[in-house]
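These notes concern the structure reproduced below.
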4 protein chains.
Amino acid sequence: MLQAGQLVMLVSPKGKRYFRVLDPEDTLHTHDGKLDLADVLNRGFGATVNTHLGRPYSILLPTLYDLIKGIKRHTQIMYPKDIGYALMRLGIGPGKRVIEAGSGSGGMTMALAWSVGDQGCVFSYDRREEFSELCSKNLEWAGLASRVEWFNRDIKEGFLQTDVDALFLDVRTPWDYLEQAAAAMSPGAPIGFLLPTTNQVQDLLMALEEAPFGDVEVLEILLRKYKVNGERFRPDDRMVAHTGFLIFARKNGE
Amino acid sequence: MLQAGQLVMLVSPKGKRYFRVLDPEDTLHTHDGKLDLADVLNRGFGATVNTHLGRPYSILLPTLYDLIKGIKRHTQIMYPKDIGYALMRLGIGPGKRVIEAGSGSGGMTMALAWSVGDQGCVFSYDRREEFSELCSKNLEWAGLASRVEWFNRDIKEGFLQTDVDALFLDVRTPWDYLEQAAAAMSPGAPIGFLLPTTNQVQDLLMALEEAPFGDVEVLEILLRKYKVNGERFRPDDRMVAHTGFLIFARKNGE
Amino acid sequence: MLQAGQLVMLVSPKGKRYFRVLDPEDTLHTHDGKLDLADVLNRGFGATVNTHLGRPYSILLPTLYDLIKGIKRHTQIMYPKDIGYALMRLGIGPGKRVIEAGSGSGGMTMALAWSVGDQGCVFSYDRREEFSELCSKNLEWAGLASRVEWFNRDIKEGFLQTDVDALFLDVRTPWDYLEQAAAAMSPGAPIGFLLPTTNQVQDLLMALEEAPFGDVEVLEILLRKYKVNGERFRPDDRMVAHTGFLIFARKNGE
Amino acid sequence: MLQAGQLVMLVSPKGKRYFRVLDPEDTLHTHDGKLDLADVLNRGFGATVNTHLGRPYSILLPTLYDLIKGIKRHTQIMYPKDIGYALMRLGIGPGKRVIEAGSGSGGMTMALAWSVGDQGCVFSYDRREEFSELCSKNLEWAGLASRVEWFNRDIKEGFLQTDVDALFLDVRTPWDYLEQAAAAMSPGAPIGFLLPTTNQVQDLLMALEEAPFGDVEVLEILLRKYKVNGERFRPDDRMVAHTGFLIFARKNGE
């Protein structure tokens, strides 16, 4: 079932995750010993394969969640808790055409590309060349690059698309680009923002009042994990306290 | 651009939402006056249409979030905050085949059907006939029914599919159906659960230890909204404190 | 054990709370029937007394928590979750001399008066006469008025005390009164603030940088209640999402 | 103003805290150089004193919050967020007589002793001798030991006091000691518990139904800190996710 060139996730007995694009000549070196990728290829998803020291590794098909956790990053990436909610609010799904500005390391890009399917398209903008490159490599690795077009340009000059179904503006001063965003979007289409500080949210809210957007909502999402123990069930001791504020709005009609 | 039979969302000046399947003979009665759907059909998405009292209503294409908020329900439905995260953890995306047990009013069913696209398929089980019907009507309404197959049977007797990519088990005593679930799933595939009480989570965790599942995680998601006011920015006074605990695991390999 | 003039809390079978200053001539009218306060006086704390319809009411000595929940209010009062923490951070305890500005309805005043004991003193400032009066009536009712001195004046003109052990500044623009606060405080003494919006917190933090205060901390406290059911244990459906941000600092030494 | 034998808190330029009982012969060794305690004694609270390398240290009177943060501990101590709230719910204040079982390292003991003043009394029980000793040393250090009586005995055999105003039962299986607690408490008096797991809370709730207690409440408190930066205001990246569930009840009347 598996083929050379496919991305697999290998999980150690202790839960450590390794990602590999299958090359039958290649070997994975782990703390538990060596693993021949040729063996992995012969076994298939869901199967177990042993290292030369006899430790069993699971061969898994990565979910979107796994992919996002596994990407190479230069900066903090968006968290799954925020991505999952944003996809719903932005109406992302098979066949949609969506712009993302501020690709970063490509966590959100990957989620968008995963969700729009082969019929959809993601237009990803980042002024910083090193990010466009990193992001594009990450998408290549996940096998999703064909669904993304990269634009290494300053969005102050506008976006090259029109009538997109949704736009996600993940930049430091989004209030500077609201006109450009509106010009690229279909009337009534949703827009999303992620901002770390309250000062930025305040500035954005005031700018949105003057811009052709309505139906504004601001929120934050907290995720608390629990210890996996049915006899002593309780939350973890510590948690992430803040990633950012999510802001959603819709472009006004004509 | 719009066609008879299409689902539109009409938003009042105060933000109230109405959903209608377009019938040019039909009229929407609102607190702001009457609205001819023929006018809506002629205007198109993103446009504005006036009631007979001159109040402007926006014509919008509903996002997945809007659809879930808009469905007819008999029971509490899953919240978008939980659905968005579950979709990611379960690896739902275009082309996936997924089982859902405990369809309820169809909130999660709608999200699954939206995400798997025309190439994917949702197999939705509910023992209670009135729920299968309601759920199926809601999917019809959203134009997503062609992606769902309904099964009105007791899952104690097993699922009719094998090798599905993911399974979501939203029932009161999920520990009673773990073997049946495992039998239907592809090795390594993810499974998800939603449970309101800690007693249930404890029972499930203990049952999972004996069942062919690993990589268990338990968590809860809190969403806090903020007042949309850049000059007096602060959280809302009240929020939802609990919907349920989310539990994820993966079927073991062979 | 009970005496005329004492404050008692009477709790109905359903948990409804009534507060009364004991007057043996007086009668309490409830949904469960009439209750003669003479009977209450004869029974004592912890006892039960029946209404004329035979419904049992508990006679309880109110805790500080009960008193705060029970006061007459014109405005939102501080929540126990915030008060309890502030008392600790401000080092309030028996014998302390503390200033409060912005008495409001007297929730915090009551907590301060309770904690400083007969050897301590609370100096409570509010520019608005109706609040000083309400607050003073509430303290009278709780039997704590002898520990409080009221000042109905504009704190822009300064406080009348010096070398106080702590100061709580619960006003809308605290940054306007930092010099006055510092002049009244003992070196090294703690100061606290409660502010609802992030804009206010930002303004205060910037003002504190220029003022003779250090060791600044900002935080918020969330309290989530659970359903009292050991067999179906889970959080309540809804909770208070925001009361205010708490800010603490210390006056610099010389 | 300062005297030999008094406890002072010395705060470094970077905010590090040192506690010392003043002995004019003693020297404090810090990363910033040496500090003669004789100098500290001569300067007084709120003043600044220099190390032999010229770094300024503030001399502060510790608040209850500082004391609790500063105690020597063998186990996790209660957090100020939980202690502050519990003090209010238990009606602790000057002159109260209160029992604590499960002294641990003495965090709660210190808070109770601080709050009851010289007219009140804390009766602190711990079966484990090493904890009674540690706890008693910590109270000595804080100058509060005269308000506490220590009992190194198994509470299964009952408490030695009667008619106490409040009781705090911080043990692993509190349901084993409800009768003993009730026997020691004044009718109507409040009782508090702190438990880390939901399994324990469930067991306690079921036991309380059979015991002479009513008015039960369960809750948890979350505290989120913010970065002290008015121009980039935002929550800290991480926070404490769980300390324990707080349970409160009241002893029934007669």
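Positions of Cβ are set from backbone N, Cα and C atoms, glycine also.
Remember, TrEMBL labels are computer predictions, not curated facts.
Here the structure is a predicted model, which means the values were calculated and not measured.
Taken straight from TrEMBL:
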type: BINDING; residues: B:Asp126, B:Asp154, B:Asp170; note: S-adenosyl-L-methionine binding site
_List every residue in the same chain as B:Asp154 (S-adenosyl-L-methionine binding site), at least 6 positions away in sequence, whose Cβ is under 8 Å from its Cβ._
B:Arg127
*Least buried by Cβ count (within 10 Å) of the binding-site residues B:Asp126, B:Asp170*: B:Asp170
*asked:* According to DSSP, collapsed to three classes, what secondary structure does B:Asp170 (S-adenosyl-L-methionine binding site) have?
replied: coil
_Site extent for S-adenosyl-L-methionine (largest Cα pair distance over B:Asp126, B:Asp154, B:Asp170, Å)_ = 13
*In the same chain, which residues outside the set B:Asp126, B:Asp154, B:Asp170 have their CB within 8 A of the centroid of the CB atoms that define the S-adenosyl-L-methionine site?*
B:Ala101, B:Gly102, B:Ser103, B:Tyr125, B:Arg127, B:Arg128, B:Phe131, B:Ile155, B:Val171
